[in-house]
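Listed features, source Swiss-Prot:
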ACT_SITE  Asp89  active site, proton acceptor
BINDING   Asp89, Gly90, Asn163, Glu164, His174, Arg191, Asp193, Thr204, Ala205, Tyr206, Ala207, Leu208, Ser209  NAD(+) binding site
Amino acid sequence: MGINFDVSRPKARSSINMTTKFHTIGLIGKPHHPGTNQTLKRLHHWLTVQGYEVLVEERVASELGTHIVAVDLLEIGARCDLAIVVGGDGNMLGAARVLARFDVGVIGVNRGNLGFLTDLPPDAFEEALAKVLDGEFDTEHRFLLEAEVYRHGMLKASNTAVNEAVLHPGKIAHMIEFEVYIDNQFMYSQRADGMIVSTPTGSTAYALSAGGAILTPNLQALILVPMFPHTLSCRPIVVDACSTIKMVVSPENGENLEVSCDGHVHLAVLPGDEIIVRRSSEQLRLIHPKGHNYFHVLRSKLGWGSKLF
């Protein structure tokens, strides 16, 4: 028997300007990364000289020397007005899944590859960050996903994702069979290597590599992207962000299936399980330098052509 869910429609939040200044700032970074450590040291010194209270995430605090206030990620969320993540999008995603439950702004310094979520350059962050700290910034809310695995009607595992929740085989890729329902309405059965359910934030990540469309961050939508479907007619589909996605795994599948959240957290799935993916009540409060332009980011990161005239 399937599980029925009441679908509610939360209010959308648009990008807004903020003028609130910050007092307590948290520093988060990729552990054991020389470039990240260098940037974190510069940030800590620069912020401390200006009189800010600075808390450093405990996994990187020991690498920054003495006179460092080390705390865990939950304490950064509870105590800080602003969290600065130094690293790539993966580091931002890991921090965001925790910080989204708190009312803390998050901004990134790019020490990764593409860096869709990390705006500030690592070697010249001071000018842009100074303006942000003076209240010259834009705030953008990005919604998260909640993924749940049910077995015989009982919740077995759950977690959140900023980018995507992916149903897939375990360590060895192979075709799996499952049914997909949107708001308890049957959409189709699928034979594929898996299914990506992505937010607009994640539409430039794994979903893009699998042939999905790019969704602008302000869209209240989800995109479902099949992975190597065994039919030529199967294409990605965009649905309302308030939709509840249910995937029912065929009892004929082998074991060792998983649901991955942002590629970081893995939930075990058995044949016959039901996977529910829906919009989370949590939102990431991203801070951008004032005048942030999403299409400039796409041109820069994806190598799109510049203006002709």
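Each Cβ is built from the backbone N, Cα and C atoms, and glycine gets one as well.
Worth saying up front: this structure is predicted, and the values here are computed from it rather than measured.
Taking the features listed in Swiss-Prot, we show where each one sits on the structure.
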residue : record                       : CB count, 10 Å
Asp89   : active site, proton acceptor : 25
Asn163  : NAD(+) binding site          : 31
His174  : NAD(+) binding site          : 12
Asp193  : NAD(+) binding site          : 17
Ala205  : NAD(+) binding site          : 24
Ala207  : NAD(+) binding site          : 27
Ser209  : NAD(+) binding site          : 11
**Message:** If you compare CA-to-CA distances from Asp89 (active site, proton acceptor) to each of the binding-site residues Asn163, His174, Asp193, Ala207, Ser209, which comes out shortest?
**Reply:** Asn163
**Asp193 (NAD(+) binding site) in three-state DSSP notation** = coil
**Request:** Measure between the Cα atoms of every pair in Asp89, Gly90, Asn163, Glu164, His174, Arg191, Asp193, Thr204, Ala205, Tyr206, Ala207, Leu208, Ser209, the residues the record assigns to NAD(+), and report the largest value in Å, rounded to a whole number.
**Result:** 31
**Prompt:** Going by DSSP, is Ser209 (NAD(+) binding site) part of a helix, a strand, or coil?
**Reply:** helix
